[in-house]
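Asks: One structure is given below, represented as structure tokens, and several questions about it will come after.
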Amino acid sequence: MKIAVYGKGGIGKSTTSCNISIALARRGKKVLQIGCDPKHDSTFTLTGFLIPTIIDTLQLKDYHYEDVWPEDVIYKGYGGVDCVEAGGPPAGAGCGGYVVGETVKLLKELNAFYEYDIILFDVLGDVVCGGFAAPLNYADYCIIITDNGFDALFAANRIAASVREKARTHPLRLAGLVGNRTSKRDLIDKYVEACPMPVLEVLPLIEDIRVSRVKGKTLFEMVESQPSLNYVCDFYLNIADQILSQPEGIVPKEVPDRELFSLLSDFYLNPVDKTKDKKENKKEDKENSADFTWL
């Protein structure tokens with residue numbers, strides 16, 4: 001099974017991807033995580049350092065694929081998850097999609113691409129040009145990481161459009177949304193109402209999730225010294241279980257940009273006053289109770 005993880009830049013895709021990868025490994029699966037970002041930091045919390053990229057290695061070997069060995073590009077991460085960083089072209093030059101293609105090509109040459117139960121592509125930001133949509137060509141499922149904010153959901157909608165486009169020619173489905181580090185989910189629910197799709201999980205606003213990135217550790221590794229964080233790992237295990245159940249998934253129908261802009265803007269401009277609603281409900285209950293006469 002191949003999974004592509006997308007979402008707005010800075011939303012926590014890599015942190016989420018690494019924890020999902022370990023959760024899948026904990027379920028007995030052989031997992032490979034491929035970072036598809038020129039920053040090559042996708043697997044940082046799995047390995048604890050920035051591993052050399054495929055492009056770095058190919059350049060050292062003068063692009064002689066026959067001189068590259070699996071151990072040159074595949075690094076063992078925490079929890080038995082194997083890690084690869086595709087890397088990228090120099091800033092302002094080349095195409096990231098080409099790099100993803102070269103990565104897959106090399107892994108196939110090494111007979112490594114088909115050795116895994118799960119391959120997870122962690123893809124750069126919310127860029128959905130043809131190049132960075134390339135991992136969708138190989139994926140069975142796409143997962144979108146979001147939060148309860150306007151920008152993240154707007155990006156999610158554009159990614160949903162990319163999934164729909166790729167699904168025309170590939171057996172690709174959207175597995176669903178994952179809400180990351182958010183104290184509320186009302187805007188997520190509003191979006192899902194307009195663009196129906198599964199919500200796999202919504203992780204609460206837990207500071208340790210952010211801290212784990214800085215420490216270069218996954219939540220699963222942090223639990224070894226902080227058992228109180230065990231409940232956080234359950235969120236990722238729940239996502240893993242849903243993925244392993246091989247959900248039917250959907251081909252999403254994105255909301256038109258202007259319509260979505262209006263929908264999300266209206267939610268901010270005209271928030272529901274829940275306090276007022278509660279007062280009105282109490283008043284209603286009081287009035288209703290007055291209608292009864294005990295005999």
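Cβ atoms here come from the backbone N, Cα and C positions, even for glycine.
Swiss-Prot lists these features:
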type	residues	note
BINDING	G10, I11, G12, K13, S14, T15, K39, N180, R181	ATP binding site
BINDING	S14	Mg(2+) binding site
BINDING	C95, C129	[4Fe-4S] cluster binding site
COMPBIAS	275-289	compositional bias 'Basic and acidic residues'
Asks: Within 10 Å of the Cβ of G10 (ATP binding site), how many other Cβ atoms can be counted across all chains shown?
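Replies: The Cβ of G10 (ATP binding site) has 10 Cβ neighbours within 10 Å.
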Asks: Across the listed ATP-binding residues, G10, I11, G12, K13, S14, T15, K39, N180, R181, what is the farthest Cα to Cα distance, given in whole Å?
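Replies: So the binding residues stretch over 23 Å, Cα to Cα.
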Asks: Could you measure between R181 (ATP binding site) and C95 ([4Fe-4S] cluster binding site) for me? Cα positions, answer in whole angstrom.
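Replies: Checking the Cα atoms of R181 (ATP binding site) and C95 ([4Fe-4S] cluster binding site) gives a distance of 31 Å.
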Asks: Reduced to three states, what secondary structure does DSSP give C95 ([4Fe-4S] cluster binding site)?
Replies: coil
Asks: So of S14, C95, R181, which of the binding-site residues has the fewest other Cβ atoms within 10 Å around its own Cβ?
Replies: C95
Asks: Between the Cα atoms of K39 (ATP binding site) and C95 ([4Fe-4S] cluster binding site), what distance do you get, rounded to the nearest Å?
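Replies: Given the Cα positions, K39 (ATP binding site) is 14 Å from C95 ([4Fe-4S] cluster binding site).
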Asks: What is the Cβ neighbour count of G12 (ATP binding site) at a 10 Å cut-off, with all protein chains included?
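Replies: Summing over all protein chains shown, G12 (ATP binding site) has 21 other Cβ atoms within 10 Å.
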Asks: Rounded to a whole angstrom, what is the C-alpha distance between G10 (ATP binding site) and C95 ([4Fe-4S] cluster binding site)?
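Replies: Just about 21 Å between their Cα atoms.
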Asks: To the nearest Å, how far is the Cα of C95 ([4Fe-4S] cluster binding site) from the Cα of S14 (ATP binding site)?
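Replies: Given the Cα positions, C95 ([4Fe-4S] cluster binding site) is 21 Å from S14 (ATP binding site).
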Asks: Including all protein chains displayed, how many Cβ atoms other than that of K39 (ATP binding site) lie within 10 Å of its Cβ?
Replies: 14
